[in-house]
Amino acid sequence: MASSSSSLAFSLSLLLALILCFSPTQSYKTIGKGYRLVSIEESPDGGFIGYLQVKQKNKIYGSDITTLRLFVKHETDSRLRVHITDAKQQRWEVPYNLLPREQPPQVGKVIGKSRKSPITVQEISGSELIFSYTTDPFTFAVKRRSNHETLFNTTSSLVFKDQYLEISTSLPKEASLYGLGENSQANGIKLVPNEPYTLYTEDVSAINLNTDLYGSHPMYMDLRNVGGKAYAHAVLLLNSNGMDVFYRGDSLTYKVIGGVFDFYFIAGPSPLNVVDQYTQLIGRPAPMPYWSLGFHQCRWGYHNLSVVEDVVDNYKKAKIPLDVIWNDDDHMDGHKDFTLNPVAYPRAKLLAFLDKIHKIGMKYIVINDPGIGVNASYGTFQRAMAADVFIKYEGKPFLAQVWPGPVYFPDFLNPKTVSWWGDEIKRFHDLVPIDGLWIDMNEVSNFCSGLCTIPEGKQCPSGEGPGWVCCLDCKNITKTRWDDPPYKINATGVVAPVGFKTIATSATHYNGVREYDAHSIYGFSETIATHKGLLNVQGKRPFILSRSTFVGSGQYAAHWTGDNQGTWQSLQVSISTMLNFGIFGVPMVGSDICGFYPQPTEELCNRWIEVGAFYPFSRDHANYYSPRQELYQWDTVADSARNALGMRYKILPFLYTLNYEAHMTGAPIARPLFFSFPEYTECYGNSRQFLLGSSFMISPVLEQGKTEVEALFPPGSWYHMFDMTQAVVSKNGKRVTLPAPLNFVNVHLYQNTILPTQQGGLISKDARTTPFSLVIAFPAGASEGYATGKLYLDEDELPEMKLGNGQSTYVDFYASVGNGTMKMWSQVKEGKFALSKGWVIEKVSVLGLRGAGQVSEIQINGSPMTKKIEVSSKEHTYVIGLEDEEENKSVMVEVRGLEMLVGKDFNMSWKMGIN
């Protein structure tokens, strides 16, 4: 469950850190004198292998590793890998079976002919990225061939010890950096100099700003404007060990407590190119079922099935869309995974309820935590013990405490665990036909710290007071260097011990892997096992929501941003967190709408649903101890929900097409403005607005008491989606103050776009059966223009999202205006599926046409229209208009009553009267 213990846990960690008197993380200007390159070899696979010798040993943070092996390879035209490890012994790396990628040559294997002692600067050139190096001391730089910019330049000494690795790069001050998460960034999406960015998965509430949270993504995007042209690149340090990354504006320093340096440099040069190339490496985002793009409702505290039934009924009565109803652990028997409470959720009644909602297209999802209750009569525990699947400490299962009380944690690096987990999912699915799984507390969260035993003679937990207070008998574990490493990362923002409120870092996984190394991939490994289990059981496209994430998690799961607050600041922060996860390759993301705790105000919940209706993953979720906050609880919030979610359900075909685009190219569903306008530097720090796709912009109210919003409009024409006669024309880009009364959100569509929509509905299944419309946006008042759009449709629960299976259709839409003629046409790939559904385009709305809007000689597929249709035109009004008054007149033309088949190529044209 989304743990309400988070704020308490954070306070306890702070107190413990103060009690134990942990000194602040030490900062050394220089640790040693680095390494020299003593030889370099060319390998048959096109890479280069070098050997580095330490120049001067020291004992700061441990002994230096004397000899290092350098491996450099241009893996693709746009990706360069730089891998540095111990030359003599294999070191921990992110497992290749979890994150498949090319493996460097084996350590110690000599390849090729050595070129001894080259003292001059050398270069290894690729298509776009150039690797250059010096030999004594060894440094390296990565440059872009096309504009000669240095992207990465190791200016200070390389440090490589068993438990401390350090490397730095210089940066131009004009660079804009994004990423290095998961982190709630109070200052927005753009990284702020002189803030430490700690990467180590923790159950720390997202209300705690600028600290390490649930996921670890050691990747950043660097966007620079060079001579008026934008260039973006990315740097990934693929390492699962805890690390601090210090960004000082003109430099960036990594301080890592284990593993290897495994750098990947991604060339770009556009932000979209970057995520395409990045997800080509880490895995394309998972395809999501259509229903998952609908609205979701959850709460910790739906005490029995009757409450859940009432929630579903009340959404229907309020005419607020709802696709998915969720259970936190209220459905469980004693908080135990894969169980059902026989009193609160009797199986027969639950099955009848699920049969009812499944028939109308609704879905049901429940929570699952990794901790398995230590209970001899509990079947899941019995089978786990028999299969020997738990993480060990000194040969015995490591004991912790979570909601069921004493628990053991499954080791998802063990193949036997994956099989056992899949079997438990099947058993539960046979018991309750769930439609997805929500995996929580998988950082891993533990209510205790250290080595614990179950107390004799007393119940744990006692059943009195909060369930998150540790009731085991525990003692600190500091006897090994894995529990007390020489360098203290800034864990939880207070330099807490790395094993605090989680698994002891000297515990062991399969094949002797230490928790110290594998800690931050626990949630990732659980996600992969859960995905495999659901796929095998359902045979459908899995839907998984995970709190903890790592590099590559987006290939399997969606993410929500954890335990946020019902505050205006949490609302603001939700946008930058969402945008960061799009860059990380996890595009299906959102925050708890209205906040997890405490109770939001009515005004805040109004404004939050106006933002959250456009999160890729849109869910209202609340804490056990907070008052009810379903969207129908306030009349004004219900109005805002019907308005904002009504728009979401109309654009579901567009969102689903973005889901397909994300799966094929990694493109985020929700994007910062600079993704579409990288040359417009005003966008670089904007975290108060966002785009869906390339051209659908949301400009919400984010402050209390405001009834207008100042929105940034990049250059071009923008049309309001709630009243398409309203337009903003921004020649060079400008900020515009727009009215935004309580139940109103500003949503604009950019020029040169064709947007497919449907009529909406209260459930996505119903909305999907309605006729299509196309909104075509040209530059306002243009006598010539061009627009494009896309539409992807399929049988949405098929495991794969692709063309070629006979159950999907892809359409490219085009439109042009010129010489007094408006034309639009489609090019359909594999139209059979769309034709089988009978989908038609019933209406076309064309925005920005120059003139009076007179329409004549409408033709479809080369023949005059004989069917009676309705044509109307309205003149645009401008919030900010064209500067040339003679061109200031433009119109919206709508043609209704069409029956153009989505699954068949068509062309349509008409003549226009121009005044």
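Backbone N, Cα and C atoms are what each Cβ position is placed from, and that goes for glycine too.
Swiss-Prot annotations:
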- 1-27: signal peptide (SIGNAL)
- N153: N-linked glycosylation site (CARBOHYD)
- N304: N-linked glycosylation site (CARBOHYD)
- N375: N-linked glycosylation site (CARBOHYD)
- D440: active site (ACT_SITE)
- E443: active site (ACT_SITE)
- N476: N-linked glycosylation site (CARBOHYD)
- N490: N-linked glycosylation site (CARBOHYD)
- D563: active site, proton donor (ACT_SITE)
- N819: N-linked glycosylation site (CARBOHYD)
- N888: N-linked glycosylation site (CARBOHYD)
- N907: N-linked glycosylation site (CARBOHYD)
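Feature annotations (Swiss-Prot) mapped to structure.
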{"residue": "N153", "record": "N-linked glycosylation site", "contacts (Cβ under 8 Å, 6+ apart)": "T139, F140, A141, V142, T169, S170"}
{"residue": "N304", "record": "N-linked glycosylation site", "contacts (Cβ under 8 Å, 6+ apart)": "D330, V343, A344, Y345"}
{"residue": "N375", "record": "N-linked glycosylation site", "contacts (Cβ under 8 Å, 6+ apart)": "K336, F381, P404"}
{"residue": "E443", "record": "active site", "contacts (Cβ under 8 Å, 6+ apart)": "T201, E202, D203, Y214, T502, Y522, G523, R547, S548"}
{"residue": "N476", "record": "N-linked glycosylation site", "contacts (Cβ under 8 Å, 6+ apart)": "S449, G450"}
{"residue": "N819", "record": "N-linked glycosylation site", "contacts (Cβ under 8 Å, 6+ apart)": "none"}
{"residue": "N907", "record": "N-linked glycosylation site", "contacts (Cβ under 8 Å, 6+ apart)": "K823, M824, W825, S826, I860, N861, G862"}
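All chains included, 28 other C-beta atoms sit within 10 angstroms of the C-beta of the residue listed as 'active site, proton donor'. Around the Cβ of N490 (N-linked glycosylation site), a 10 Å sphere holds 22 further Cβ atoms from the protein chains shown. D440 (active site) sits 11 Å from D563 (active site, proton donor), taking the CA atoms of both as reference points. Geometry remark: the residue listed as 'active site, proton donor' versus N490 (N-linked glycosylation site), CA distance 20 Å. Take the CB of D440 (active site) and look out to 10 A: across all protein chains shown you find 27 other CB atoms.
Look at N907 (N-linked glycosylation site): DSSP puts it in a strand.
According to its DSSP assignment, N304 (N-linked glycosylation site) is coil.
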